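Here is what TrEMBL records for this protein:
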ACT_SITE  HIS207  active site
BINDING   ASP211, GLY212, ASN213, GLY214, ARG215, THR216, ALA217, ARG218, TYR244, TYR245  ATP binding site
DOMAIN    132-269  domain 'Fido'
Amino acid sequence: MDTEAALAGTPYLIATDEPSSARLSSLRIESERVRQQAQRANERIRSEAAALLEPYLRATRTELVAESNVMEHMQWTTAEVRETILRNRELLDGPTRTLVESVRSDPRVYEVLGLYRAHELAEDWTSIDRAPLASEVRSLHALILGAVRGSGEYKKFTNAISGTSHRTADPQDVARVVIEMCDWWRGGTDDPLLTATVVHAWLAHIHPFDDGNGRTARVLANLELARHSYPPLVLRPGADRGQYYDALAASDEGDILPLYELFVHVIRRQVRLMVRPNYVLDLIEDKFLASGDDRYRYWSDTLAGFTERMSASVDSYRAEFRVKSLLDDPRSFQLLCDRDPAGNGWYATIGLPGTDAEWLLWFGYKSAEMEALDGEGRTYPSIFVSRRDRRPDALHPYSQTFDRSLLDIPVPDEIGLLPMVAKPVGLRWEFRLEDYALADGAERLASALCAAL
């Protein structure tokens with residue numbers, strides 16, 4: 001399918017220049033590869049774990065609810081969500097009206113139960129061979145929010161998205177543009193993942209409701225994916241929040257590629273987890289989030305200390321250190337420890353106030369060069385440096401390949417953090433490694449990066 005033609009009628013265009021076309025082509029190929037892997041993984045799980053299918057689906061929905069609520073700064077742990085669902089199983093199995101009325105006095109509980117029921121309905125949609133109507137989108141929103149003012153109703157006053165300058169749809173236009181979105185959705189594109197990306201971005205762009213737009217958009221994206229046998233799109237606040245919000249901001253300007261790229265990455269990460277032995281049992285028994293994983297906890301504590309000192313050091317140079325994520329997701333941590341790039345994620349950006357960030361720090365797996373130099377035999381994620389690529393034909397906003405000879409102070413190729421040692425920060429320049437205390441390592445890195453601003 002011609003992507004440009006498929007996106008006609010949406011707020012989104014794919015630039016026709018060579019870099020954008022190459023980036024789209026690469027993403028389409030990767031999306032198709034991920035789709036095939038996802039369908040094989042789903043089929044294997046459903047055939048090999050038939051007796052555990054309902055507990056598995058319940059655990060998957062629990063994870064979706066917990067991560068989606070935390071993305072909206074509602075503090076629910078997976079364990080708390082699971083306990084709430086088990087305690088209210090009878091309500092979830094009953095009529096929706098009974099569910100809404102029964103927890104009217106406890107809106108916090110409904111934060112879990114309403115979204116959980118919405119994801120159940122999204123899964124059930126696989127038996128309906130069409131996209132939802134605008135009225136059904138409103139019904140899903142009513143289910144997610146419950147018995148509160150504005151539930152299932154379009155906004156009556158102009159609203160805004162916190163932290164952005166984006167102007168959302170005017171109230172008098174909302175009904176029309178939601179219908180336009182649903183009309184387009186019925187045809188969509190030949191790539192369900194791209195279709196899910198567009199629907200998610202479009203609903204967030206319209207912002208048709210006073211509250212619950214993000215949760216509704218994520219349910220709609222998962223509904224589209226469930227229709228085509230994809231695993232759930234689990235956006236993890238700890239690993240994805242910064243990149244997710246940046247990609248949404250780009251989509252508000254009409255550029256859908258950053259969000260599409262993120263969604264391909266998120267589904268690929270989910271597939272890498274699903275193909276692991278004992279994945280179903282581990283998910284049901286919550287082993288992925290086991291609090292006794294000392295390696296993860298100690299490394300996270302070291303990262304937190306390094307982040308605090310990086311922020312202070314960068315601030316001393318009158319620059320901004322903007323944290324995107326702290327990899328507080330055990331699954332991504334384990335993928336990187338296993339040298340799997342599906343765990344990659346943004347860490348922070350550095351730039352002058354009021355400008356596009358010049359530097360991107362991102363999490364990846366430990367390089368062979370670092371393995372050879374540190375001699376520790378313990379594998380933890382590493383941090384890598386990319387610089388803004390200002391070439392007009394650049395495929396991505398940041399590139400790990402840049403001319404280091406022009407820098408006043410050499411920038412490290414890789415940063416390693418090793419917990420429980422006196423000098424936990426390892427800075428690698430090609431085949432040279434130097435170890436530092438937290439404050440010294442942060443200052444050395446900050447001075448090199450800020451000198452180039």
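Glycine is no exception: its Cβ is also placed from the backbone N, Cα and C atoms.
Whatever TrEMBL says is automated annotation, not expert-curated.
Bear in mind that the values here come from a model prediction, so they are computed numbers and not experimental data.
Positions of the features from TrEMBL, shown on the structure.
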| residue | record | CB count, 10 Å |
| --- | --- | --- |
| HIS207 | active site | 21 |
| ASP211 | ATP binding site | 17 |
| ASN213 | ATP binding site | 21 |
| ARG215 | ATP binding site | 24 |
| ALA217 | ATP binding site | 22 |
| TYR244 | ATP binding site | 23 |
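The residue listed as 'active site' sits 6 Å from ASN213 (ATP binding site), taking the C-alpha atoms as the reference points. In this structure, ARG215 (ATP binding site) is part of a helix by DSSP. Taken residue by residue, the domain 'Fido' (132-269) breaks down under DSSP into 88 helix, 2 strand, 48 coil. Averaged over the domain 'Fido' (132-269), the predicted model reaches a pLDDT of 87.
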